[in-house]
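A.B. asks: These came from Swiss-Prot, pasted as-is:
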- 3-147: domain 'Clp R' (DOMAIN)
- 6-71: region 'Repeat 1' (REGION)
- 83-147: region 'Repeat 2' (REGION)
- 151-331: region 'NBD1' (REGION)
- 332-535: region 'Linker' (REGION)
- 382-513: coiled coil (COILED)
- 545-756: region 'NBD2' (REGION)
- Gly595, Pro596, Thr597, Gly598, Val599, Gly600, Lys601, Thr602: ATP 2 binding site (BINDING)
- 757-854: region 'C-terminal' (REGION)
Amino acid sequence: MNLERWTQAAREALAQAQVLAQRMKHQAIDLPHLWAVLLKDEGGLAWRLLEKAGADPKALKELQERELSRLPKVEGAEVGQYLTSRLSGALNRAEALMEELKDRYVAVDTLVLALAEATPGLPGLEALKGALKELRGGRTVQTEHAESTYNALEQYGIDLTRLAAEGKLDPVIGRDEEIRRVIQILLRRTKNNPVLIGEPGVGKTAIVEGLAQRIVKGDVPEGLKGKRIVSLQMGSLLAGAKYRGEFEERLKAVIQEVVQSQGEVILFIDELHTVVGAGKAEGAVDAGNMLKPALARGELRLIGATTLDEYREIEKDPALERRFQPVYVDEPTVEETISILRGLKEKYEVHHGVRISDSAIIAAATLSHRYITERRLPDKAIDLIDEAAARLRMALESAPEEIDALERKKLQLEIEREALKKEKDPDSQERLKAIEAEIAKLTEEIAKLRAEWEREREILRKLREAQHRLDEVRREIELAERQYDLNRAAELRYGELPKLEAEVEALSEKLRGARFVRLEVTEEDIAEIVSRWTGIPVSKLLEGEREKLLRLEEELHKRVVGQDEAIRAVADAIRRARAGLKDPNRPIGSFLFLGPTGVGKTELAKTLAATLFDTEEAMIRIDMTEYMEKHAVSRLIGAPPGYVGYEEGGQLTEAVRRRPYSVILFDEIEKAHPDVFNILLQILDDGRLTDSHGRTVDFRNTVIILTSNLGSPLILEGLQKGWPYERIRDEVFKVLQQHFRPEFLNRLDEIVVFRPLTKEQIRQIVEIQLSYLRARLAEKRISLELTEAAKDFLAERGYDPVFGARPLRRVIQRELETPLAQKILAGEVKEGDRVQVDVGPAGLVFAVPARVEA
């Protein structure tokens with residue numbers, strides 16, 4: 001027995017048989033050990049060969065395992081070191097069979113033949129030899145890795161035409177032009193290899209599936225009738241190819257099978273760019289170069305699919321590229337997407353067991369097109385439908401909120417009941433009786449609701465079964481029509497089909513007024529999913545939100561004192577956007593806030609973010625003092641290729657990509673380098689910006705606020721001289737025109753001049769600042785009260801028309817917070833105290849009148 005003349009897989013099988021014998025403590029390696037190893041993999045070569053010969057590999061495997069368990073166990077160093085005479089004879093017979101079959105190596109299938117001869121109850125040698133020839137496709141074993149080349153197409157490919165015949169592919173709607181062009185190229189004499197090129201998600205693979213469906217229906221020219229489209233899995237070809245040359249051998253076997261089929265098989269390689277360089281090692285030939293000769297001669301028909309970016313990999317190899325004919329696949333329009341979704345609707349309805357309304361389909365196409373800008377139609381719209389249906393299905397399969405709330409309440413009462421059982425006083429006994437009565441009432445109510453819910457679920461289960469049967473009947477009708485079994489087709493179409501359709505309709509009708517089961521995916525569900533994905537509120541305005549938007553000025557005034565013009569301008573822009581009236585290609589609003597320091601420009605931006613998004617974190621703050629040099633401008637959109645930091649992306653673009661719905665504050669805009677304004681022009685006009693990676697970032701759902709101190713001296717001077725607001729605004733505008741280019745100023749929605757704060761407004765700000773301090777003290781359970789005189793004292797000290805409200809913060813820190821902190825540290829003010837603050841001759845006076853008991 002010469003193991004050098006065995007294939008790698010056969011040698012490994014013998015080695016594993018030895019390991020098995022050692023593990024089971026058997027003295028010698030016998031036939032059952034080798035059978036157990038060969039039959040371990042259900043899809044393996046031995047399994048397939050025995051099935052083809054008409055044997056039952058499963059029964060054989062169980063028989064050999066029983067035999068193994070009966071073998072005696074031994075101890076010592078000699079365990080599993082010898083072959084039994086019957087196994088040795090079978091292995092020598094395998095070598096004789098190798099010579100008979102004109103092979104160069106003993107392969108796994110040859111081993112199976114030899115073992116089968118030595119095992120009673122298996123098919124004869126001739127039957128096994130016939131199965132072996134069929135499995136090998138008439139080839140002999142000439143290499144050490146020959147097993148991986150048997151039935152290569154079946155092993156490494158997926159037959160799309162078979163899947164289409166079984167109705168397992170989704171219907172392909174439209175795309176007739178592209179399918180016609182692919183057919184046209186396939187019918188050429190040479191270079192008949194179309195490659196579908198398009199953005200990810202536009203439906204390149206679907207076009208090939210559409211062609212497979214047409215071939216099955218016979219809706220193709222004579223030259224393509226009866227052909228098979230096999231999708232080659234590059235991953236399967238590469239997987240497990242441990243030894244050099246094994247990958248090339250597998251691919252060569254695939255190419256040979258396709259060539260031998262004489263045009264019956266059309267190969268399809270998704271992600272075609274993976275062919276370039278696949279299996280490349282030092283001195284090895286990559287897949288692309290192995291395909292070239294067959295492609296050029298027209299012996300092999302290949303359809304490829306790849307994206308625009310990845311097609312560049314193929315363009316690097318002109319000899320490979322010239323063998324392909326590109327077919328460009330454009331993104332479908334919203335209208336075409338709606339047609340595609342209507343065609344797919346039934347598949348998703350059957351899968352999820354829900355109904356998808358037409359309004360949901362239209363919403364999925366329009367909302368995904370408008371708000372999910374980084375992905376392509378129809379893929380993103382299909383994803384929306386799928387997720388919304390999955391969400392509804394999940395809701396249907398879990399307990400309704402109404403029942404859930406009652407059960408939680410019941411559990412709470414049961415816990416309370418157990419605690420009260422230990423108490424003996426009359427009050428507790430009284431309460432216990434009341435609780436038990438309430439628990440009994442709740443139990444009855446829950447049982448009633450559960451019964452109703454179960455009844456509705458039962459109807460739903462029947463509906464899903466009917467939908468599945470309906471789907472199967474439609475598939476059977478298609479199959480019968482293809483096979484010209486017209487009697488069967490008519491029987492199903494005019495007998496079974498209307499009956500099932502009526503059943504589905506009747507069950508759906510029963511659920512229409514259901515209390516717990518909502519069966520239909522609506523546009524509201526789609527809007528909800530879009531909001532989850534993007535953070536952009538696109539769902540219909542709820543009553544509470546309408547109120548909030550109508551009272552937006554009031555909300556903003558809670559934190560920003562005065563500045564009515566600015567607040568009104570911002571609130572109007574937000575209302576226009578949420579009512580759906582804003583220009584869809586521009587940001588929600590773009591404002592330039594001007595005014596002296598400390599009057600609330602930045603505070604308004606923060607307040608707007610907190611009001612709209614319930615958190616100040618939703619504000620993207622770009623401090624323009626960091627962008628004063630020319631080279632710093634690239635940080636906004638990312639460093640160019642080749643520079644350090646290219647991978648990180650831009651500070652502005654990355655922030656907006658992660659939060660497409662936000663307030664962007666460009667603080668101190670006049671300090672920025674002039675080149676920054678060139679970037680801003682694009683954002684303000686088109687609502688988009690391309691970063692250094694070539695990705696388009698969408699700014700259409702952002703509020704852009706720029707703040708500046710330009711013209712502050714003029715504002716103060718105008719107020720001292722008593723100029724009207726309009727004149728101050730015009731004077732400031734003249735200063736702006738000297739500093740900013742007209743095309744920049746012209747793109748802003750509103751230029752708002754903030755007024756300096758008056759004494760009365762500073763007094764209001766005292767209240768706001770004190771509320772923040774009280775909130776901090778509340779954590780220490782200390783309450784703070786200030787007399788009106790104390791508040792006036794702080795406002796008086798903190799008023800400065802030039803510096804706005806900022807001096808007030810310093811006054812509060814100095815006069816109120818610092819003395820209070822000293823008193824807390826000295827133990828004069830403790831947890832639970834009430835501190836009263838008044839004015840004395842030397843400033844503020846603190847008093848702790850009475851301790852509040854904890």
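Here the Cβ of each residue, glycine as well, is placed from N, Cα and C on the backbone.
Note that the structure is a prediction, hence the values are computed from the model and not measured.
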A.B. asks: Around the recorded ATP 2 site, report the further residues of that chain (criterion: Cβ within 8 Å of the mean position of the Cβ atoms of Gly595, Pro596, Thr597, Gly598, Val599, Gly600, Lys601, Thr602; site residues excluded), sequence-ordered.
C.D. replies: Phe593, Glu603, Thr707, Asn709, Phe754, Gly804, Ala805
A.B. asks: Across the region 'NBD2' (545-756), what does the mean pLDDT come to, as a whole number?
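C.D. replies: Averaged over the region 'NBD2' (545-756), per-residue pLDDT gives 83.
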A.B. asks: When neighbour density is defined as the number of other C-beta atoms within 10 angstroms of a residue's C-beta, which of the binding-site residues Thr597, Thr602 has the lowest density?
C.D. replies: Thr597
A.B. asks: Can you break down the region 'Repeat 1' (6-71) into helix, strand and coil residue counts using DSSP?
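C.D. replies: Secondary-structure breakdown of the region 'Repeat 1' (6-71): 46 helix, 3 strand, 17 coil.
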A.B. asks: With DSSP, how much of the region 'Repeat 2' (83-147) is helix, how much strand and how much coil, in residues?
C.D. replies: 41 helix, 2 strand, 22 coil
A.B. asks: Tally the residues of the region 'C-terminal' (757-854) by DSSP class, grouping H, G and I as helix, E and B as strand, and everything else as coil.
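C.D. replies: Helix/strand/coil tally for the region 'C-terminal' (757-854): 52 helix, 18 strand, 28 coil.
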A.B. asks: Have a look around Pro596 (ATP 2 binding site) and count the other CB atoms within 10 A of its CB, chains all included.
C.D. replies: 22
